[in-house]
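Working notes, beginning with the structure itself.
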Amino acid sequence: MTPPCLNCSFFPGQLSPNASTGLLSCNDSEFKEHFDLEDLNLTHEDLRLKYLGPQQVKQFLPICVTYLLIFVVGTLGNGLTCTVILRQKAMHTPTNFYLFSLAVSDLLVLLVGLPLELYEMQHNYPFQLGAGGCYFRILLLETVCLASVLNVTALSVERYVAVVHPLQAKSVMTRTHVRRMLGAIWVFAILFSLPNTSLHGLSPLYVPCRGPVPDSVTCTLVRPQFFYKLVIQTTILLFFCLPMVTISVLYLLIGLRLRRERILLQEEVKGRISAAARQASHRSIQLRDRERRQVTKMLIALVIVFGTCWVPFHADRLMWSMVSHWTDGLRLAFQSVHLASGVFLYLGSAANPVLYNLMSTRFRESFRETLGLGTRCCHRHQPRHDSHSHLRLTTVSTLCDRNSRDVPLAENRDPGCEQETDPPE
């Protein structure tokens, strides 16, 4: 996503974005430090090039190719995820509702944010969508980004409750509860997007002694930078640092709980007299250990993807808000961070379906079925450990829940999957 200053060639501290719209007095003390005698003899095109940079970024072609690849993979993957969850009743589980909301958020980022950013990279100025388009773009992109973070955090909390407090999950983590949570997530994301949106607007380039430059309007920061700095720091704290700490702690507690259960099960097996019972229990423990290893891998993958893809984005915003005097070195560093933030942010939106496909047998088979490719083998003829050994992943652990609409998450456990049958056509 583009930085809060949507034209990354324009940096704060050069000219006042909310100055008077009239001709600027050459004696005005506000502009003495910015005044350049050369500006009096430059054409409007030269002024735009000097202060706003070229209309098209230098790296446009490689960025365009990279973004298009991400767009195709992400749009198809998230679109297929939404289709699978909507069309297959077996996928109507509480956990998958979170995945559906996350996929919708990622789709909006890819369908709205990515094309607009490519357009601005090719045509930085003037901004063509008007004031309404400026506000709508900031609000929409900010909302879907915040909603993505909240969805991942809520999904992690759900997994923690289901694994560590299964009794509470029976009565609390129902589908109705999840629907309400999703509604609250999106409302909350919209409300927290309003402050940043209100700080932006349309502003032309102002040059001392020359006034506003024609065809230089950009959708950028139009309020004092102090307020923007406060909003950005608060947003980073609430929607990155706090979620990352929360998710890491929850996953650590889940891992400790699974390890503790494994030790208890091993001690229980040792205490049994029957060799046959001991052997059967040993096989059961092996299957559960396999599932738990998959759970751990999925949790680690989610944390790494989430953190890696969002660090450049927040570094971009923080740098833009904190730097008051831009040197050539800082400008070059900011442009590099800005390009990286866009690639990683969109890459993160495209990565989730890839994770589902790599780490969930059920999702792979559902994708194949939705695409009309069939499945490699039928569940009811598979060995039991193959049919559900990968189901208790962090984001797809309740996919084995069949034919129930309000079954609590705690009941979507492995033993329940053993009795599963295909839903009626």
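Cβ from N, Cα, C; glycine included.
Using a 10 Å Cβ-Cβ cutoff, C219 (disulfide bond) registers 28 neighbours. Summarising the annotation, Swiss-Prot assigns disulfide bond to C134-C219 and lists sequence analysis as the type of evidence.
The feature N-linked glycosylation site is assigned by Swiss-Prot to N41.
What Swiss-Prot records for 406-425 is region 'Disordered'.
Annotation source Swiss-Prot lists topological domain 'Extracellular' at 1-59 (among others), citing sequence analysis.
What Swiss-Prot lists as topological domain 'Cytoplasmic' is 81-96 (among others), and the listing cites sequence analysis. If you take every residue in the topological domain 'Cytoplasmic' (81-96) and average the pLDDT, you get 80.
As annotated by Swiss-Prot, topological domain 'Extracellular' applies to 118-137 (among others).
Annotation source Swiss-Prot lists topological domain 'Cytoplasmic' at 159-181 (among others).
Annotation source Swiss-Prot lists topological domain 'Extracellular' at 203-235 (among others).
Residues or ranges marked as topological domain 'Cytoplasmic' by Swiss-Prot on the basis of sequence analysis: 257-294 (among others).
Per Swiss-Prot, topological domain 'Extracellular' is recorded for 316-331 (among others).
Swiss-Prot lists 353-425 (among others) with the feature topological domain 'Cytoplasmic'.
The transmembrane segment annotation in Swiss-Prot covers 60-80 (among others) and rests on sequence analysis.
Residues or ranges marked as transmembrane segment in Swiss-Prot (evidence: sequence analysis): 97-117 (among others).
The transmembrane segment annotation in Swiss-Prot covers 138-158 (among others).
Look at Swiss-Prot and you will find 182-202 (among others) tagged as transmembrane segment. Within the chain, the transmembrane segment (182-202) has long-range Cβ neighbours (under 8 A, six or more residues past its boundaries) at 4, 6, 97-98, 101, 127, 130-131, 134-135, 138-139, 142-144, 146-147, 150-151, 154, 217-223, 227-228, 231-232, 235, 238-239.
Feature annotation from Swiss-Prot assigns transmembrane segment to 236-256 (among others).
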Other CB atoms, at most 10 A from the CB of C134 (disulfide bond): 22
Spatial neighbours of the transmembrane segment (97-117) far in sequence, C-beta under 8 Å, 6+ residues away: 1-2, 67, 70-71, 74-75, 78-79, 81-82, 85-86, 137, 140-141, 144-145, 147-148, 151-152, 154-155, 158, 175, 178-179, 182, 185-186, 342, 345-346, 349-350, 352-353, 356, 395-396
Three-class DSSP secondary structure - C134 (disulfide bond): helix
Residues from the same chain, set at least six apart from the ends of the topological domain 'Extracellular' (118-137), whose C-beta lies under 8 A from its own: 2, 6-7, 9, 48, 52-57, 60, 63-64, 67, 112, 197, 200-202, 204, 215-219
Surrounding residues of the transmembrane segment (138-158) on its own chain - C-beta under 8 Å, 6+ positions past either end: 1, 4, 94-95, 98-99, 101-102, 105-106, 108-109, 112-113, 173, 178, 181-182, 185-186, 188-190, 192-194, 196-197, 200, 219, 235, 239-240, 243, 246-247, 250-251, 302, 306, 310, 313, 345, 349, 394-395, 409
Tally of DSSP helical, extended and coil residues in the topological domain 'Extracellular' (203-235): 11 helix, 9 strand, 13 coil
